[in-house]
Amino acid sequence: MAETEMSPVLQEPRQVVRKFQARPQHEGDGAVVRRSIGRFELKYFDPFLVLDEFSVAAPAGFPDHPHRGFETVTYMLEGAVTHEDFEGHKGTIKAGDLQWMTAGRGIVHSEMPAGQGTSKGLQLWVNLSSKNKMIEPRYQEIQSNDIASTAKNGVDVRVIAGESMGVQSPVYTRTPTMYLDFKLRQSAHLRQPIPPTWNSFVYVLEGEGVFCSERSAPVGPHHLLLLGQGDGLEVWNRSSKPLRFVLIGGEPLGEPVAQLGPFVMNTEEEIDRTIDDYQYFVNGFEKAKYWRSAGMVSP
């Protein structure tokens, strides 16, 4: 089997400790998501709150809605999504583009499909530590051509966050995070280091792969694999079709989580204050009082 050049030696490869398939559910206004983190099987995987594989076509979408206390990472796979918020920030992210949004103390925004056809992507919610929950909102947006990437011996990687195969992402992660988009061609073999103290998981997008142990059964699309402790991930592609998956890991915060929908804080009292802030348009939500996205404004 082909291996990545200077493939790292793993002293303790991680094993799959839990596996399940994400099934479709309705979210937003007519959109469909496959939610793997943030549903009843897996409420929270510190520091990750939600992972959605979304599929949306106009007129469906995710109209005006608030966030506080975490970050959303939107990675487009097909089509395009137009987003805008009450700070006047507006743009369109297309296939292969990335938006890393820090909601911090508060943002109200919309995410709607752009153009014809179905738009697909992944959205990950990354929790923020108590010291960062009330920081000012900000964006990091990277176009597809500017995402760090490399390819060696049958393995392609796009480095959304963190480092892989000698390539490092420019994205700044307040909660230390790795986010790697791998494609393995037939017979390719990968070893990817993961910081031993981090939590990590795999989400399969295309093809079938053998993960963690050569004796494991192949795993296909829409499956989430939670990884146990260890220093890295080992993967084989024994099928004739390309295997594509994301490997995501992060440093656990180890803090209490209080969540009500799009608000994520540390205590129920903080959630109550957040609801008041949003209802009375204060403490970061002042501009929500009069703002509506272009799609919500009647002609």
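Placed from the backbone N, Cα and C atoms, the Cβ positions cover glycine too.
Noted in TrEMBL for the protein shown:
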- HIS65, HIS67, HIS109, GLU111: Fe cation binding site (BINDING)
- 33-126: domain 'Pirin N-terminal' (DOMAIN)
- 179-281: domain 'Pirin C-terminal' (DOMAIN)
Since the record lists HIS65, HIS67, HIS109 as binding-site residues, which of them has the fewest other Cβ atoms within 10 Å of its Cβ? HIS65
What other residues of this chain sit with their CB within 8 A of the center of the CB atoms of HIS65, HIS67, HIS109, GLU111, the recorded Fe cation site? PHE62, ASP64, PRO66, THR72, HIS83, ASP85, ILE107, VAL108, SER110, PRO262
Around the C-beta of GLU111 (Fe cation binding site), how many further C-beta atoms are within 10 angstroms, looking at every protein chain? 27
